[in-house]
Each structure stands twice: as C-alpha cells, then as structure tokens.
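S.K.: Heads up, here are the entries from TrEMBL:
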DOMAIN    8-122  domain 'LD-carboxypeptidase N-terminal'
ACT_SITE  SER106  active site, nucleophile
DOMAIN    168-280  domain 'LD-carboxypeptidase C-terminal'
ACT_SITE  GLU199  active site, charge relay system
ACT_SITE  HIS267  active site, charge relay system
Amino acid sequence: MLNNGDRIGIVGCSNGIRSEARWQLEQLQGILMQMGLVPVLSPYLFREGYETSTERQRAEALMDCYRDERVTAIFDISGGDLANGVLDYLDYERIQNNPKPMFGYSDLTTVLNAIYQKTGQKGYLYQLRNLVSDNGIMQHMRFSNSLFQGKSDLYQIHWHWIQNISMEGIVVGGNLRCLLKLAGTEYFPNMKDKLLFLESRSGNIEFIASCFTQLKQMGVFKQIKGLLLGTFSQLDEQWGSFMAEKIALQVLNDRLLPVARTMEVGHGTDSKCLIIGEYYKIR
C-alpha cells in the first residue's frame, strides 16, 4: 500500500486538535518521515479555544488529498463530534474516480461509511496517532509490516463467539454513537446482508441500550447477516466486558443472528484496523 517517498495526507474532518497537543503531531510527523513518508498536513488540524474551522474548509482539505495525484493515502487524525458536517461538501464522484485508502476512527465512522455508501470505496477504521501512544512501539511495527510489507499484523483480528459460530459478508459500521448520526440520511450504509461492527468509547448502560434499541427500531438487525462487537470502553471498565454483550443480546432477542466479539478494535491505543467495505469470513 505504501512505499518509501510516498506523500500521505494528514487531515481532520472532526473536532480540531487542541493547540497544546502540537507536540504530539510533531512527534508523529517525525515517525512518519523516519519511515520514508512525506506528510502533507491540512491547514485546519488545530483549534484555538472555541475557534475552529468551518465544515466546508475541512471538507476542502480532504478533497485536496483526492485531487493531488501525488498523495497515495489519507489519514484523518481527528475525533469528536463534527465530522458529519463535511459530508454535504464532499465530491463523491471525484472520490470514486480517484480511489485512495482513507484511515480514521471514532467520529470518522460518519465519513468512512458515507464514502463507502456513495462510492463503494473501502475505509480503514484506525487512528494513526496510535503510533505516538503508550503502545506506539507495537503499533509502529504493525503499521510498518502491514502497510509497507503487505503483512496482516494490523488487520489480523481475533474474535470470540457469543452466538452461533460463523458469519460472512461486507463489514460496515464503527462507533455506535457516530454511526447513528447518519440515521435518516442518504449517507447511512445499506445494511442488507452486511456484517455490522459496533464499538463505543463512552456511554453508560442506559445510553448503549438506547442506541441498540434505535438500530432495532430502524430494522437494522433484521437486515444484517451478523453483528460484530468491539470494545465498549466505559462499559468494559465499569462493568466488565460481559455488559456490552448482555445489552446486545437482550435488545436483539434473536438467537439465530450470529454475534461475535473482539477486544482488539475500538478506542484503545492497542487497537487494530478493521476495514469498512471489506468482505470478511469469520469462523
């Protein structure tokens, strides 16, 4: 996917990064350049106090990466609440005609799923800033092995079964709260015969249950071929990993739908990469 000397776009479609975190971006740039990559930074990565960039500005910064033939991959390093604001300003025809791997997580669930829905282009649920986290050494090795050498380190995800023993299909989804921001819009992914992946950073029992109920009331669980659960950080910490599984099964109330769980994809700095729009066979 990547080669020495490649230019990569670094953008932020969601909340601007606090200015006091500039050191982390500088550290990330250094690591990327040591890999032989050339980071091309959006001018709208940071926010100053309450001042932030406009939706159109952030969308244009992303589109600049698709227009620039020298950019081989795009990494969104933001997160928060604002990413869905760029969706109306993206040129999906240009994106479709200039396919490039795009990486992001959390609030970028909205962008990755919208691009897949509108263009069929795959998206990579992964936060590049993991390279400068407390798990940076491990992430650096996975990233380098997978994106430069074509190995599966970053993508090899271990699942355990909660209900039934196999499923296969195209994966959509991501962060539970952020995916639901697409509900009722043209950007919500077609769920027919899909595998739906869900994870969450925040959210107590009641919030997570209400989100699952909304998906049920939308008819999503009747359309999909399987449900995949990642980490639910707040629930896992407060109650243990069983709680997210319990909520899912109670709301589903369907013993025939395959359900599997991984603790390797979510908001943790040790998270691996799940590919939106990829066909998975899970046994």
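Note: Cβ is positioned from N, Cα and C throughout, glycine not excepted.
Source: prediction; values computed, not measured.
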S.K.: According to DSSP, which kind of secondary structure is HIS267 (active site, charge relay system) found in, if we only use helix, strand and coil?
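M.R.: Note: HIS267 (active site, charge relay system) is coil by DSSP, not helix or strand.
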S.K.: Sorted by position, what residues of the same chain at least six away from HIS267 (active site, charge relay system) have a C-beta under 8 A from it?
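M.R.: In sequence order, the residues whose Cβ lies under 8 Å from that of HIS267 (active site, charge relay system) (at least 6 apart) are TYR105, SER106, GLU199, SER200, ARG201, THR231, SER233.
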S.K.: Cβ atoms within 10 Å, counted per site: which of SER106, GLU199 has the most, among these active-site residues?
M.R.: GLU199
